[in-house]
Amino acid sequence: MEKTPSYFVTRDVPSRIYSMSEDIKLIVVVRNPVTRAISDYTQTRSKKLDIPSFESLTFKNISVGLIDTTWSAVQIGLYAKHLERWLQFFPMEQLLFVSGERLITDPAGEMARVQAFLGLRRVVTEKYFYFNPAKGFPCLKRPEVNSKPHCLGKTKGRTHPNINPEVVQSLRDFYKPFNRKFYKMTGQDFGWN
C-alpha cells in the first residue's frame, strides 16, 4: 500500500505503476475541485505568507474571467483529464473514486465501498468513528470502550480564507463541464454543482 496525493495528477505515474503491477487496485480520494483549490491555497499560504491573493492566482486575465489552468491548484481539479491518462493503462474496474465529502459526512459508508472494492470482509463500520465537532471531521477509534480516538493532525481542518463569491462562481462554471465528464467516466455523480 502506498499513498501520495500527487500520484493521480503526475503525468508519468500511470505507466510507472503499470510496469510494477498490471493488476493493482487504485483508490483515489476526490473532492469538489473548487473547495480543493481553496484548500490547496490555504495550505500553501500557511507555509508561505507572501503569496498573491487566491483571486489573482485564479485568473490569467481577471478582466475577462480567463481561468489560469497552469496554476496547480486549478489544474489538479481537472479530474477527467487526469483519469484519461490512467485509463490508458488500467480498466475502470481497477479504480475506485472515494468522495472526500462523503468521507467526512459518512466515513463508514465510504469505507464500506473501499472494503468491497478490495474484496475485504466489512470490518470497519460505524462503531469505528467518532465525530469531532471542534475540527469538523470524524476521528477513527477502536470499538473498545475507553479507547482514545485518532483524529486528524493540526495541519488538517484549517479555516479557509474568504474568497470573493464571484471568483468561486467563476471556478464552479469553469469546472462544470470537466465534472460532468468525470461523473460520466466514473459512473458516479459527486454533486459538485
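The first residue you see is number 1, and the count goes up from there.
For all residues, glycine too, the Cβ spot is worked out from N, Cα and C.
For ARG31, SER39, LYS156, GLY157, ARG158, THR159, HIS160, the entry in TrEMBL reads 3'-phosphoadenylyl sulfate binding site. The annotation disulfide bond is assigned in TrEMBL to CYS139-CYS151. Here TrEMBL flags 20-181 as domain 'Sulfotransferase'.
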Cβ neighbours of SER39 (3'-phosphoadenylyl sulfate binding site) where a neighbour is any other Cβ within 10 Å: 18
Whole-number mean of pLDDT values that fall within the domain 'Sulfotransferase' (20-181): 90
Least Cβ-crowded entry, counting other Cβ within 10 Å, from the binding-site residues listed as ARG31, HIS160: HIS160
THR159 (3'-phosphoadenylyl sulfate binding site) CB neighbourhood, other CB atoms within 10 A: 7
Long-range Cβ environment of CYS139 (disulfide bond), under 8 Å and at least 6 residues apart: PHE129, TYR130, PHE131, ASN132, PRO149, HIS150, CYS151, LEU152
